[in-house]
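J.: Annotations per Swiss-Prot:
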BINDING   M35, R77, L115, E156  substrate binding site
Amino acid sequence: MSHPALTQLRALRYFKEIPALEPQLLDWLLLEDSMTKRFEQQGKTVSVTMIREGFVEQNEIPEELPLLPKESRYWLREILLCADGEPWLAGRTVVPVSTLSGPELALQKLGKTPLGRYLFTSSTLTRDFIEIGRDAGLWGRRSRLRLSGKPLLLTELFLPASPLY
């Protein structure tokens, strides 16, 4: 099962450097805190619509593979993050199987809990980078995050209803 927003997310093309953009746009794209929290600050009720979740092999993550350790399996989670029921963001998280140990096993059990609610309560969360991407007029971003030093890759596409636009 897929969704057109996830297809467009995978089509994002990333800038080699952070482009010169309007400050309001950069404020959204370079946000280091939780996007869930930012959406809630807009006075919205945030919910997750699950598109896909489960283990995948390398051939299903060609865009992410160069940015993660080479392993036999990865945990993939694809969602729509909705504000008052309206999709504002498509998200794709790829987690190497080696990251799924200790407390990080919880990444497999998030269900309809927004990823940000888990990640940004962890004292061990660090971010290696944020890349800005664009496709067909929509903006997105990709971050390699680490929990207790263990990597995961999060890609987000801001959908047309998002306040980023």
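Keep in mind that glycine also has a Cβ here, set from the backbone N, Cα and C atoms.
Context for these features, please: burial, neighbours, distances.
T.: Classification of R77 (substrate binding site) by DSSP places it within a strand. On its own chain, R77 (substrate binding site) has M50, R52, E53, G91, R92, T93, V95, L107, L110, L115 as residues at least 6 apart in sequence with a Cβ closer than 8 Å to its own Cβ.
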J.: In three-state terms from DSSP, label L115 (substrate binding site) for me.
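T.: DSSP assigns L115 (substrate binding site) to helix.
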J.: Using the Cβ centroid of M35, R77, L115, E156 as the reference point for the substrate site, which residues of the same chain not in that list have Cβ within 8 Å?
T.: T36, I79, L81, L89, G91, R92, T93, P114, G116, L154
